[in-house]
Amino acid sequence: MDSKTKPTFSRSTGLPRKKFFRARAHSNPLSDSHFPIPISPSHVDLSLHFPKVSSKKTEFADIGCGFGGLLISLATLFPETLMIGMELRDKVTEYVKELILALRKTSSGGGEYENISVVRTNSMKYVPNYFEKGQLSKMFFLFPDPHFKEKNHRRRVISVDLLDEYAYVLGGGGVVYTITDVEELGEWMRSCLERHPMFEALTQEELDSDPVVELLCNATEEGQKVARNGGQTFKAVSRRIAYVS
Amino acid sequence: MENRDPIYVWWDIQSCRLPYGYEPLRVHVAVKSAMRNLGFFGPIDYVAVAVKGWSYGDTLYRIETTGFRIKREYAWQSCSMFIRNNISEWMHSHEPPAVAVIISCDKGLGSLVNRLRVEGFKTCIIYVPAFTSDRLISVPNFSLLWSDVLANAPLVDPREYGLPLREVRAEAIYVHPSQKSVAVTVGMDLRVFDLMSCRKDSTNTRVIRYGASGKFFVCASNDGWVNIWSAESWHRLHTMVALAIAIRSNDSHVCYADTRGDVWVVELDGIDECKVSPSNKTARLLFRSSSIVTKLDFSPDGRYILSADGDFKIRVNVFPKKPLEGAHEIQSICLGHKASITCIAFVWNSEVTERFLSGSDDSTVRLWDISSGSLLHTCDISTMAEYIEVNESEPPAQVKVTDMCTIPNSSLAIVAIQRFPGILLLSCTTSISIKKVIHIPGDSFIPTSISLSGSMKLLWMVSRPSNPPVSKHPGVTRVKAMPCIEAELSSILGDDQIPGGTKLLEQLQGKVPTEDCGECSTRSHESGNV
């Protein structure tokens with residue numbers, strides 16, 4: 001990277017510098033923004049996202065991926081799985097895009113980080129546009145916006161109604177991972193998952209044996225901030241089960 | 001002895017709005033006759049307040065011509081403030097006896113009205129029930145429903161005031177499954193013509209659905225009521241504005257969607273001829289969509305419920321065995337349309353099941369498979385653009401599908417298109433093709449809502465007046481019928497050949513030669529299944 005022409009990139013590591021990509025934490029998810037939305041999952045061009053991989057489908061989705069910390073950690077843990085991050089803010093999406101491109105270029109073994117990508121979209125409305133029924137095996141909701149006021153509870157990304165849509169795109173056995181540092185939100189998410197007939201909470205043994213669970217706390221920027229401040233985190237992890245109505 | 005106290009009227013136009021298509025010149029007559037009915041014959045002084053830019057300037061101009069003094073405000077909160085301040089000022093400078101009439105739903109007016117009563121004024125509130133509460137309604141001497149007041153005004157011809165007739169929009173026609181009655185919504189009126197007897201109902205109806213057995217129908221009005229009507233009686237199901245209604249084929253449940261994307265379900269038990277009783281009397285949330293739901297439909301076997309929403313997708317939910325606990329399982333999501341979906345019809349016959357068609361503003365009719373949600377075929381009907389009546393000044397016509405219905409036991413569908421004086425016959429087996437284009441002869445009759453009745457095999461059509469007016473009676477709702485036997489459509493029936501004859505047409509259309517039904521409104525919607 002020529003740092004004279006790209007001052008937003010670090011000279012030493014070649015990676016983009018976060019301070020040039022800062023954006024406000026909030027973006028209204030219920031408004032209709034003007035970004036392109038695929039007409040249907042078959043219209044999603046995976047070759048744009050994963051140029052070196054063909055004939056595979058995305059299996060992991062990080063909803064509200066922020067600065068991409070989780071995706072980076074998961075990429076090396078599951079090198080054969082395609083994963084995509086979804087983020088509403090455009091500046092932050094730009095950062096993650098540049099980060100992934102830079103990592104791919106500078107990766108030592110070659111061919112690393114080819115399995116992650118990011119897309120700018122409103123995941124509350126458009127998840128069915130990107131993923132077919134039962135396509136995903138893991139979905140991540142790390143430190144979502146708490147929307148404290150009761151009138152804004154409709155905007156929370158985990159709610160019993162939105163869980164209908166997430167259950168649709170997750171196949172049977174698919175897992176939803178959520179974590180937050182706000183106790184009330186943690187309780188809300190846990191109870192939504194419990195109330196929903198198509199989700200069943202993982203047992204403690206299953207949580208301990210899942211390598212992804214510990215990444216929830218410390219892989220992302222938000223998680224590291226919480227750990228620095230000595231805050232408590234609240235996890236809720238559930239598996240999608242078959243439902244006979 | 002007639003009461004000749006002076007009457008003062010305040011009207012908050014944003015709070016109690018005029019229904020779409022209602023002629024504004026009628027309002028002052030409506031209020032005057034409502035006061036006469038209450039026994040007040042004194043001189044009336046009218047004041048109104050509106051938000052600048054929210055009502056058409058033309059509407060406000062017409063209201064002003066009839067004698068209202070209008071204050072234009074910049075925000076809706078200032079409207080209610082204006083009314084309160086104006087009334088307070090008026091109270092200081094006027095003495096009883098006088099009559100204060102307030103047309104508003106502002107709950108905060110309760111204390112003001114109380115003060116008026118205490119001072120000795122007669123008070124009357126005219127309100128819309130869905131937007132106000134008992135806090136306001138129980139206080140004044142009299143309270144009237146806004147829709148009742150508006151409905152009781154005689155028709156007014158704007159041309160007498162030197163003003164042009166206003167462009168109006170679609171009607172809707174609903175046919176009872178065994179053709180015992182035909183219902184047409186025309187503006188404020190819901191006209192139901194029973195072939196046995198006649199009944200005229202007046203509500204500001206927006207959407208209506210017949211149950212398949214024909215024992216009842218459900219309608220939603222703009223005033224915020226969802227009512228279920230049977231032959232003798234009716235019940236309030238819910239107080240909210242519903243945009244779409246669906247009734248399950250075995251009449252077990254009614255579902256309706258509100259303006260926020262929530263879909264509610266009500267269980268009906270024991271429907272018989274005399275009594276319709278929703279059990280529990282409460283509706284439960286069936287599911288919630290992230291955008292507004294505009295169409296709801298049950299599949300003919302009752303297994304699925306389809307909802308078309310504002311993001312141009314159709315979501316197919318499995319209708320659960322215990323619907324009151326919510327429908328959580330999504331069977332499929334049908335993506336592909338690029339504009340709002342206007343109509344849904346099922347293709348269900350002996351060879352092919354589990355398919356449905358959807359028509360939309362993007363000029364396509366698409367064929368879908370219900371359980372997989374896959375798009376089987378897209379039929380582009382923009383080739384019909386050449387048949388459409390177009391003005392030179394208007395931009396190139398977009399061929400929008402307005403209504404559609406399928407002929408049972410066949411794989412044919414009948415489609416009505418915006419601005420085309422005729423209908424299309426589509427054949428949909430594995431793919432959709434335009435089989436026939438049928439022009440309707442005579443006065444440019446553009447069907448905006450169509451409905452098929454099974455037993456007598458007639459296709460009923462309602463049309464809106466064309467623009468620019470071609471016929472002698474531009475403001476009139478018109479109803480026509482076309483026989484449809486063995487999936488073949490023959491020619492249009494003459495007025496006297498329609499079952500019910502000219503009497504039915506008179507009831508549904510209004511008196512054709514002399515009266516102008518200048519107000520016609522509501523979106524089109526299909527009737528219950530056959």
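Using the three backbone atoms N, Cα and C, a Cβ is placed for every residue, glycine included.
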Pick the one from A:Gly64, A:Gly111, A:Gly171, A:Gly231 that TrEMBL also lists for the S-adenosyl-L-methionine site with A:Glu87, A:Leu88, A:Asn122, A:Ser123, A:Leu142, A:Thr220, A:Glu221, A:Glu222.
A:Gly64
How far apart, in angstrom, are the most distant Cα atoms among the S-adenosyl-L-methionine-binding residues A:Gly64, A:Glu87, A:Leu88, A:Asn122, A:Ser123, A:Leu142, A:Thr220, A:Glu221, A:Glu222?
21
Excluding near sequence neighbours, so keeping only residues 6 or more apart in the same chain, what lies with its CB under 8 A of A:Ser123 (S-adenosyl-L-methionine binding site)?
A:Ala61, A:Ile63, A:Gly64, A:Met86, A:Leu88, A:Val157
How long is the line from the C-alpha of A:Thr220 (S-adenosyl-L-methionine binding site) to the C-alpha of A:Asp145 (active site), rounded to the nearest angstrom?
15
For A:Glu222 (S-adenosyl-L-methionine binding site), nearby residues of its own chain (Cβ under 8 Å, 6 or more apart in sequence):
A:Gly66, A:Leu142, A:Phe143
Give the three-state DSSP assignment (helix, strand or coil) for A:Leu88 (S-adenosyl-L-methionine binding site).
coil
